[in-house]
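One structure is given below, encoded as structure tokens.
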């Protein structure tokens, strides 16, 4: 019996190890932690039983699991007062440091999650740390999510919350210095933060800085070097990013293969001008060490009508990298974090180059051992060294520049 039990345990452990193990680039920080995280994420993403049976959408199932594990109530502590409120009608959690200077700095933050996942525990921990260490009021916005809400709903929520955040009434209520305010976010939230920063002319006050953490900024080229290099690197696989885009834009999910083949941005698409293509021409915008041996994938002929079905792909509010140079030049001083092992790396690096060309002061903070989402894993149980380093450096930059 003991022999059989031992053999059974060996088989189970071997099966678990086989499921968890994933070949990763040698430079990734703490690969086994990333493998475990990826295995957990894949388990949720591939749980299609409820979706197939019509019980609920797979995104709803994932969000319910995330909410059950990660959602926490607003809890104050000795250093920070935390309360749920609204900004421009959008649910928002406010983190106010107790004591400190009478006039505070202010940060409005948009969480990541592919425009489909809600705010997780790690964002509360991040905002609490920012409030305490920066002596700053942090407002974490719960914008609407796909599939119920699609573009431009999330953008409108972000803009409405930002306008309210910068209003004289809110600034006075929370004792925020109108000269020291920041818009920030990571991944999909970085997309929303960049889009909001481009609307500075239409806002009541001006953001002093924008801080973008591995932002997603375009959906016309799924063959940038980082998309090619990291197509199978967790936690953000290349096909998953295409699905997130289609869900966000409210498009037919059957278009995924066309996007992944760059058929939607072929040279015979009349909606895409040469000027637009130059704004994401990575052969000109990326440094040589990021281009490496990769080659552009540009189709001469593609799938007719795709841009007509999904014109939002060309909307600068959804794809901030496509903004005109004059618009970029009016945006505030920027911080852009990128990670080597992230399909979105080149979105961020191209944006850095375009902002610099527009005359905007930019700090490019790149992590050679980083992966997508690493900063939110600065805490237990999935604490990673690159997560802690990136979070501390992000907060340090805000402290020095805000």
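A Cβ is built for glycine as well, from the same backbone N, Cα and C atoms used for every other residue.
Listed in TrEMBL:
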type     : residues : note
ACT_SITE : 187      : active site
ACT_SITE : 342      : active site
ACT_SITE : 372      : active site
DOMAIN   : 107-260  : domain 'Alpha/beta hydrolase fold-3'
DOMAIN   : 312-375  : domain 'Alpha/beta hydrolase fold-3'
Between residue 187 (active site) and residue 342 (active site), the C-alpha gap once rounded to whole angstrom: 11
Cα-Cα distance linking residue 372 (active site) and residue 342 (active site), given in Å to the nearest integer: 5
Other CB atoms within 10 A, centred on residue 342 (active site): 27
Residue 372 (active site) CB neighbourhood, other CB atoms within 10 A: 25
Number of other Cβ atoms within 10 Å of the Cβ of residue 187 (active site) across all protein chains: 28
